[in-house]
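Taken straight from Swiss-Prot:
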type: DOMAIN; residues: 139-267; note: domain 'CRIM'
type: DOMAIN; residues: 382-487; note: domain 'SIN1-type PH'
type: MOD_RES; residues: ALA2; note: N-acetylalanine
type: MOD_RES; residues: THR86; note: phosphothreonine
type: MOD_RES; residues: SER128; note: phosphoserine
type: MOD_RES; residues: SER186; note: phosphoserine
type: MOD_RES; residues: SER315; note: phosphoserine
type: MOD_RES; residues: SER356; note: phosphoserine
type: MOD_RES; residues: THR398; note: phosphothreonine
type: MOD_RES; residues: SER510; note: phosphoserine
type: REGION; residues: 2-267; note: region 'Interaction with NBN'
type: REGION; residues: 2-184; note: region 'Interaction with MAP3K2'
type: REGION; residues: 38-59; note: region 'Disordered'
type: REGION; residues: 279-353; note: region 'SIN1-type RBD'
type: REGION; residues: 468-522; note: region 'Interaction with ATF2'
Amino acid sequence: MAFLDNPTIILAHIRQSHVTSDDTGMCEMVLIDHDVDLEKTHPPSVPGDSGSEVQGSSGETQGYIYAQSVDITSSWDFGIRRRSNTAQRLERLRKERQNQIKCKNIQWKERNSKQSAQELKSLFEKKSLKEKPPSSGKQSILSVRLEQCPLQLNNPFNEYSKFDGKGHVGTTATKKIDVYLPLHSSQDRLLPMTVVTMASARVQDLIGLICWQYTSEGREPKLNDNVSAYCLHIAEDDGEVDTDFPPLDSNEPIHKFGFSTLALVEKYSSPGLTSKESLFVRINAAHGFSLIQVDNTKVTMKEILLKALKRRKGSQKISGPQYRLEKQSEPNIGVDLESTLESQNAWEFCLVRENSSRADGVFEEDSQIDIATVQDMLSSHHYKSFKVSMIHRLRFTTDVQLGISGDKVEIDPVTNQKASTKFWIKQKPISIDCDLLCACDLAEEKSPSHAVFKLTYLSSHDYKHLYFESDAATVSEIVLKVNYILESRASTARADYFAQKQRKLNRRTSFSFQKEKKSGQQ
């Protein structure tokens, strides 16, 4: 037993003992900061002291220098000790035993007996491979199907079949489109071809899918193998191609467009459709006339009648009274609807209700068509803008941009930077559909530099009037252009407006007649 009174030596001895015996490390954690306290209690010696003092304290500080154990670190992980070499060796032996279990040792033994060359040859005997004669048995169902569908193998548009969405309805976004084919004959072009495409397909992919389905169904005539030779145009419900708008961009996705009816047109014939604009048939009716565009003279009179009725009734279903076509020069003689336009030798017809007749002089005042007038009528549907002044009742006139086309009339205010709108009401833009237009009349013409015209339209079951002023030439052109548009469209609002106007006129005439009658009796 040893008696020690030096705390530094005692602390070093305790730490060395716990390094080999304490697995928890708690004693090291408790005694780790004790050296700091000892350093405070034993300050370093001041230079200049005697050598005896240094030698006297060297024995005491020797234990203090080695008091800190090499296995104890003053850090956040002081409670975690490294594994001993024995534990690491035992772990390595355990893993080696597990690996030995997975391995299988096979002892190699050489044979003393030698095999002959004949025995070795019999082990790998060469077999004779004879070609089997072709069996003349029954054909498989796959072979029969391939022979029955030769067009499927020779379809040059097979790469676009992956965009067919008929098998993906309900699981993937698809789009159903009715496609008219103007290159068909007159009978087949009336019925569209329904195509179901993937919503992620582009317009170019849709064109290829249409060509693939067209070829797979064995339709005639055959298409060009190059998909780039075709384009998609907007089409009406009856298959008429709307050439006022350009074709769809082939690089755009098809879901970007909301049209459910399209037409497949050849690119070289798409701009050439203007050559067909000279073929127009005039259909006279009770409240005006309509110009029906036809592709050629082989069209039947039944198709012309259907187009005239649709132009007259708009988007409504063709129902109600039945109509027939008569030549303008031959009243009360119906035209055979199965005959072609070429066999009629006429370009002007009259639309008459069944079980009715027309007088010989009906529509004769408009029977003679001037070529210049027809050209003005056709160009009246093209968009053109005019700068005019809009007249208000309780405030000054405002400058507006009046845009007129065959579909609508747009009134956009012209912003003037110099004019202050702080104390005046700002003019709002107005858009009027041509089906709601009723009349356009010249109100007054004071001088060649000043004229006023009135525009009447239907708004929420009420007729509203707008007044504009400009020079006489501009006003005359606007009135003529709008009236050409109104005459070429069978508008219900326009017919009701004139009927109401006629009733008011009859009521005034009847009232004035009764007033004159009473004054005569007195």
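Glycine is treated like the rest: Cβ placed from N, Cα and C.
Features per Swiss-Prot, on structure.
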{"residue": "THR86", "record": "phosphothreonine", "contacts (Cβ under 8 Å, 6+ apart)": "none"}
{"residue": "SER128", "record": "phosphoserine", "contacts (Cβ under 8 Å, 6+ apart)": "none"}
{"residue": "SER356", "record": "phosphoserine", "contacts (Cβ under 8 Å, 6+ apart)": "none"}
{"residue": "THR398", "record": "phosphothreonine", "contacts (Cβ under 8 Å, 6+ apart)": "SER389, MET390, HIS392, PRO413, VAL414, GLN427"}
Checklist entry - For the region 'SIN1-type RBD' (279-353), what are the DSSP-based totals of helix, strand and coil residues? => result 17 helix, 26 strand, 32 coil
Checklist entry - What counts of helix, strand and coil residues does DSSP assign across the domain 'CRIM' (139-267)? => result 44 helix, 31 strand, 54 coil
Checklist outcome for this item: On average, residues of the region 'SIN1-type RBD' (279-353) score a pLDDT of 77
